[in-house]
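Written out below as structure tokens is the structure these notes cover.
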């Protein structure tokens with residue numbers, strides 16, 4: 001019996017070798033699958049511009065529209081992560097490139113299309129061009145550019161301060177976190193606008209708050225209330241935040257996005273896309289540190 005066992009053991013290295021080879025093959029196949037799977041993403045982070053046609057234009061307010069673009073393939077996703085943006089470009093009649101960053105509001109997992117919510121600025125070169133387009137016209141895009149790579153449960157809570165179209169990257173965060181059953185991060189959004197009609201993505205935000213009432217808390221602020229508006233009238237004040245928002249803590253991260261005057265008032269401006277600059281304004285006065293505040 002012992003002799004038989006001894007003879008059978010001599011095949012053990014061969015068996016182990018075959019097993020190791022099988023594992024190695026599986027790993028290689030998995031890697032190849034991952035690489036091949038990248039083709040299901042429209043944007044791969046390279047330097048290639050992709051022309052996407054407009055398939056739908058929806059008016060959201062007197063100066064804001066939602067543009068829906070078709071991705072190159074119906075089974076593709078955009079390739080963006082939370083939180084990231086893409087670059088949009090058009091070429092002027094004289095051959096100059098006009099490039100602007102935009103944060104899609106469509107879900108990262110949405111196939112075949114991508115949505116942008118854009119506000120028209122009277123002297124804005126890109127927005128004036130975009131608002132002059134119609135369905136089937138194309139816009140060039142490339143990216144994505146990662147601004148902040150969100151990791152579930154990195155914080156107990158996040159505080160979001162936004163105004164106008166600054167809601168776009170904030171909505172991306174709210175939607176991504178709330179719809180992830182594994183992410184328990186509490187969300188506190190304070191969103192300011194001129195009138196109730198100017199509140200962008202309100203139905204989407206309200207639906208998330210209704211669906212996840214224990215996780216998502218949203219407070220709207222308007223300069224002038226009308227009708228049955230549910231929210232606050234006036235600015236998002238220092239006093240309001242000191243009493244209602246989560247206290248400064250390493251367990252609470254703040255994200256800010258809005259027009260320049262808004263950024264100046266609450267966090268101070270960014271120096272550049274790569275340089276957050278110093279933390280000033282209301283958040284600094286409330287005791288938040290630079291490491292606890294991110295400016296989109």
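A Cβ is built for glycine as well, from the same backbone N, Cα and C atoms used for every other residue.
Residues or ranges marked as transmembrane segment by Swiss-Prot: 12-29.
Taken from Swiss-Prot, the feature domain 'FAD-binding FR-type' applies to 47-151, supported by sequence analysis.
The DSSP secondary structure for residue 164 (FAD binding site) is helix. Marked as FAD binding site by Swiss-Prot on the basis of similarity to another entry: 154-189.
According to its DSSP assignment, residue 159 (FAD binding site) is in a strand. In terms of DSSP helix, strand and coil, the domain 'FAD-binding FR-type' (47-151) has 7 helix, 50 strand, 48 coil. Following the DSSP three-state reduction, the secondary structure of residue 169 (FAD binding site) is helix. According to its DSSP assignment, residue 189 (FAD binding site) is in a strand.
With respect to Cβ neighbours within 10 Å, the binding-site residues 164, 169 differ, and 164 shows the lowest count. Cβ contacts within 10 Å of residue 189 (FAD binding site), excluding its own Cβ and spanning all protein chains shown: 23.
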